[in-house]
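Engineer: This structure is in structure tokens; I'll ask about it shortly.
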Amino acid sequence: MTILALGINHKTASVSLREKVAFVEDKRQRAFEQIRDQSLAESVVILSTCNRTELYFHQPKIPPQEEHPDNIAWREQCFNWFAEIHQLDKEELSEAYYFKQNLEAARHLMSVACGLDSLILGEPQILGQVKQAYQESEEFYHSQGSGVSTNLSRLFQKTFATAKRVRSETEIGSSAVSVAYAACGLARQIFDDFTKLRFLLVGAGETIELVARHLINHGAKNIMIANRTHIRAEMLAVKLDIPMQILSLSALQIGLNQADVVICSTGSPDILITKEMVEQAQKQRRFDPMLLIDIAVPRDIDEKAGELDSIYAYSVDDLQNIIQQNIAQRQQAAEQAKEIVIEEAKDFFVWLKQQQSTNLIKHYRQNAEEIRLDLLEKALSALQQGQDCEKVLNELSYKLTNQLLHIPTQALQAMAKNSNVKGLQSFSKALKLEE
């Protein structure tokens, strides 16, 4: 059995590559279907955010040893599929992608969910994104009449519990540090007084909600929201309890013409704000400074807009400097969190081994019971035919002993051949032998 984590993130790939491998709209559904049809995994969870795209495969038929030929072939098959679904050159992808298996994969997932692998150390939004990814996987497999495999499901439930423990036992989440906070911090570096600015927020998801809260906390009073669905933007305005002008995406130009600061975070696969739209807005605004912050992957704002005069344009990658300033205070807490992750990942694999041994014992007992019933049936038949009782019982006990010991004997021979000293010692101890 093998659990494989495969993907890229902000540490290994640029925004341009990350946006190419984002699972947007129907691509996620196609991925689930292709993985099922190609038997790549019994279950998979697809995590796709601004800063990472990762897939967590569970394949019980693949041996866990990374050097095993079947394991190597399977990894290559998964990589080839990943490149193909995104129509990427394998050489380009191979420079940025990574894979982790079993214990290492469990540690990685837990680290991701705890915010230890995030662009902003300890940011809390990623946990919600991991939960959403798991929920989408559950929905797909339930639609197929099954569910996420027991082992992969258990790993994610353990991950959620670990993240909760990290939040409660460390100070990693004590300060409001996130992508949204970094975007707000960038705006404060360029503009002094938020009370006099007009903000245009594009999108109405969790990240934009956090951006809006940070802006309001720093004095913003004039906020516009543009979103694909009017009702969702309206709900956000009610939630934030502040009057906001709500625009449709088709009316983005109206908002741009008025905005000093534009912050975008949607799931759109296409550019929403072009260079020409910004140029037109600047003419309306008499070329007053405008800040464009695009925290969406794929991009919402044409990167060429940053070439215009009086425009300050930043992408997710450009937030790195602000983020670095906030990392130092979380390093100590992160070290504590890493210890918790190591402990919990180890605990998960203890459970996994117990589960595997329980299943093994169950199957062995079932096999033994089948042997017993088969030999008993033959013995009873022999007795009914008038054969000597003692002879029948001797034959029954002899065959029963031989057949029941056949599998353990093979296992012992395999352990000796593979130099499995611990296994042999455990068996010897169970039999109360000296050596």
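Using the three backbone atoms N, Cα and C, a Cβ is placed for every residue, glycine included.
From Swiss-Prot, here are the annotated features:
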ACT_SITE  CYS50  active site, nucleophile
BINDING   THR49, CYS50, ASN51, ARG52, SER118, GLU123, PRO124, GLN125, GLN129  substrate binding site
BINDING   GLY203, ALA204, GLY205, GLU206, THR207, ILE208  NADP(+) binding site
SITE      HIS108  site 'Important for activity'
Engineer: In the same chain, outside GLY203, ALA204, GLY205, GLU206, THR207, ILE208, whose C-beta lies within 8 angstroms of the Cβ mean position for the NADP(+) site?
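Structural biologist: Those within range, site residues removed, are LEU201, GLU209, LEU210, VAL211, LEU236, SER265, THR266.
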Engineer: Have a look at the binding-site residues (SER118, GLN129, THR207) and report the one with the fewest Cβ neighbours inside 10 Å.
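Structural biologist: Least crowded of the binding-site residues SER118, GLN129, THR207, by Cβ count within 10 Å, is GLN129.
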Engineer: Taking only same-chain residues 6+ apart in sequence, whose CB is under 8 Å from that of HIS108 (site 'Important for activity'), what do you get?
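Structural biologist: In sequence order, the residues whose Cβ lies under 8 Å from that of HIS108 (site 'Important for activity') (at least 6 apart) are ALA5, LYS100, ASP117.
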Engineer: Within 10 Å of the Cβ of GLY205 (NADP(+) binding site), how many other Cβ atoms are there?
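Structural biologist: Taking all protein chains shown, GLY205 (NADP(+) binding site) has 16 Cβ neighbours within 10 Å.
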Engineer: What is the interatomic distance between the Cα atoms of ILE208 (NADP(+) binding site) and the residue listed as 'active site, nucleophile', given in whole Å?
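Structural biologist: Just about 13 Å between their Cα atoms.
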Engineer: When you average the Cβ positions of THR49, CYS50, ASN51, ARG52, SER118, GLU123, PRO124, GLN125, GLN129 for the substrate site, which other residues in that chain have a Cβ within 8 Å of that mean position?
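Structural biologist: Going along the sequence, the neighbours appear as GLY115, LEU119, ILE126, VAL179.
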Engineer: How big is the Cα-to-Cα gap, in Å, between the residue listed as 'active site, nucleophile' and ALA204 (NADP(+) binding site)?
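Structural biologist: A Cα-Cα distance of 16 Å.
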Engineer: Which residue, out of the binding-site residues PRO124, GLY203, shows the minimum number of other Cβ atoms inside 10 Å of its Cβ in this structure?
Structural biologist: PRO124
Engineer: When you rank GLY203, ALA204, THR207 by Cα distance to SER118 (substrate binding site), which of the binding-site residues ends up on top as the closest?
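Structural biologist: Ranked by Cα distance from SER118 (substrate binding site), first place goes to THR207.
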Engineer: Relative to the Cβ of GLU206 (NADP(+) binding site), which residues of the same chain, six or more apart in sequence, are found under 8 Å away?
Structural biologist: GLN125, GLY128
Engineer: Nearest by CA distance to PRO124 (substrate binding site): which of the binding-site residues is it, out of GLY203, ALA204, GLY205, THR207?
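Structural biologist: Looking at Cα distances from PRO124 (substrate binding site), the smallest one goes to THR207.
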Engineer: Just checking a number: largest C-alpha distance across THR49, CYS50, ASN51, ARG52, SER118, GLU123, PRO124, GLN125, GLN129 for the substrate site, rounded to a whole Å.
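Structural biologist: Across THR49, CYS50, ASN51, ARG52, SER118, GLU123, PRO124, GLN125, GLN129, the widest Cα separation comes out at 15 Å.
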Engineer: Compare the C-alpha of ASN51 (substrate binding site) with the C-alpha of each of the binding-site residues GLY203, ALA204, GLY205, THR207, and give the closest one.
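Structural biologist: Closest candidate to ASN51 (substrate binding site), judged by Cα separation, is THR207.
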Engineer: Counting only residues 6+ away in sequence within the same chain, which have a CB under 8 Å from the CB of ALA204 (NADP(+) binding site)?
Structural biologist: ILE225, ASN227, THR229, ARG232, ALA233, MET235, LEU236
Engineer: Sort out the sequence-distant neighbours of THR49 (substrate binding site) for me: same chain, 6+ apart, CB within less than 8 Å of its CB, listed by position.
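Structural biologist: Sequence-distant Cβ neighbours: ILE126, GLN129, VAL297.
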